[in-house]
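Right, one structure below, let's go through it.
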Amino acid sequence: MTTVQHISAGRRVKDRLAQGLVYLAFALAVVPLVSVLWLVIKNGLARFDVEFLTHSMRNIGARDAGGGAYHAIIGTLEQVLLASLISVPIGLLTAIYLTEYGNGGRLSRAISFFVDVMTGVPSVVTGLFVLAFWILFLGMPFSGLAGALALSILMMPTVVRSAEEMLRLVPNDLREASYALGVAKWRTIVKVVLPTAFTGIVTGVMLAVARVAGETAPLLLTVFFTDSINNDPFSGPQMGLPLYVFDQAGRPNDTAIDRAWTGALTLILIVMLLNLVARLIAWWRSPARGR
Amino acid sequence: MSKQIQVSGLDAYYGSHKAIEDVSMTIEPRSITAFIGPSGCGKSTFLRTLNRMHEVIPGARVEGKVLLDGEDLYGSTVEPVSVRRSIGMVFQRPNPFPTMSIYENVAAGLRLNGRVSKSESDGIVEDSLKGANLWNEVKDRLNKPGAGLSGGQQQRLCIARAIAVRPQVLLMDEPCSALDPISTLAIEDLMVKLKDEYTIVIVTHNMQQAARVSDRTAFFNLDGQGKPGKVVEMDETSRMFTNPSQKATEDYITGRFG
């Protein structure tokens, strides 16, 4: 009478095989990531210097070395900040409506559907939309704000979806506990539900920011572009790092190509830095701290 | 502080499904009333209708009257939020707010409802934790997260949180079902202590618990799957457990079904 069965050789082989396949798939996924990082760092370090970070391309001739991306860095930061200021409140409120008030009604299903549609809109189309509506129809000038509008359209569905998911993860027990204390619904949302989902919402917003920070097409049509520093996102053409990379990479000499690589490296670093800050905020607010 | 609850002809629905039918009873102040009965017979649903928590669930509604010292809780001008402030609730699973410390959890009801001064809330937090027999265990770590306590401590924290808003009635929905015997005993002792000040209603699956702590017991049952739950019998606990007037009550209590 045997009660303990041994794993047969066949099953052991299958186990090994499946394990090998999983590792292989992982390696395949990592290869492009590592190679992109490696290329950008290797080629970008050449011009990653103080001049690059503090100077614009004003008065830099076609074949001149030097110059920098200060104007593009300022532009990108301002545009992304503006886009976040527009899309995060709207996206968050939409997510709150969907999870807390919608109850699967007709309006909430319609909103859900259109958020999904928005997720699938190609980025260049949002740029075209802002160009057609804001700049051509309303007669507004090319500006960082116009770019931010296009970016915010791209950001919104990501923010809504991630915030919605995080709010749905908040256990219903907590809402009920708060109601049972005689706390009104909106206060329950503000004081109990949102703080509980805070970490996840921050992560979702950061992913959305990271996504739009690298968008070129919508900027091309809305912020125009410039070689000079323009600190005011509300008037006049601005620059953005993706645009800068696009512009420099299209020029026929090595100094410009080097600038393009460094621009790409700077963009990656900015997104990483923003991510780090968000992680810190999330960690600082996380309930597990100090247990 | 403690008040009487009078229920007459109460029906509760989930959408089109009728969960309880024609419940009438009087719940006396300064006493513990226990609801027993098989799963799905509407005890918890009925408990939740007493502080208007039932309607929080989408599609749920109530018909009938619930009077708190003569005042109709389902009157058209009554605000559900204020009802819940005077009728507190403790749930089956301990549910402290994970983002808040022990102190903040107890003070949550006060803080979320309006401003209170620091010294005032200090006093109330201490009183409530003492009232819930938890003060000695947590007084040195009030700023640690409430979720870091053990299950039994968390449940007592939830009781402290519920009594911190000074309700007149305390509803408890199987408060000990997730706890070990020692924590259960602690909560039972606490209930007996609290009944000097509050009207306590408890739903329990544990017959011994009902017999140990309650003054009056109501037995809920349903005629069959999908039928609404009803109150079969309600009486003094001692009589319910020794000499019930209904056959179904006797069968349930002696373990012949359910």
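Any Cβ shown, glycine's included, is placed from N, Cα and C.
Those TrEMBL annotations? Automatic predictions, nothing curated.
Feature list (source: TrEMBL):
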TRANSMEM  A:21-41  transmembrane segment
DOMAIN    A:73-278  domain 'ABC transmembrane type-1'
TRANSMEM  A:80-98  transmembrane segment
TRANSMEM  A:110-136  transmembrane segment
TRANSMEM  A:142-160  transmembrane segment
TRANSMEM  A:192-213  transmembrane segment
TRANSMEM  A:260-282  transmembrane segment
Item to complete: Would you kindly list the residues that approach the transmembrane segment (A:21-41) from elsewhere in its chain, counting only those six or more residues past its ends and only Cβ-Cβ distances under 8 Å?
Response: 261, 264-265, 268
Worksheet item: In the same chain, who gets a Cβ under 8 Å from the transmembrane segment (A:80-98) while lying at least 6 residues past its ends?
Response: 108, 111-112, 115, 144-145, 147-149, 151-161, 163-164, 167, 189, 194, 201, 205, 208-209, 212-213, 233
Worksheet item: the transmembrane segment (A:110-136): which same-chain residues, six or more beyond its ends, come within Cβ distance under 8 Å?
Response: 94, 97-98, 102, 142, 146-147, 149-151, 153-154, 156-158, 160-161, 215, 217-222
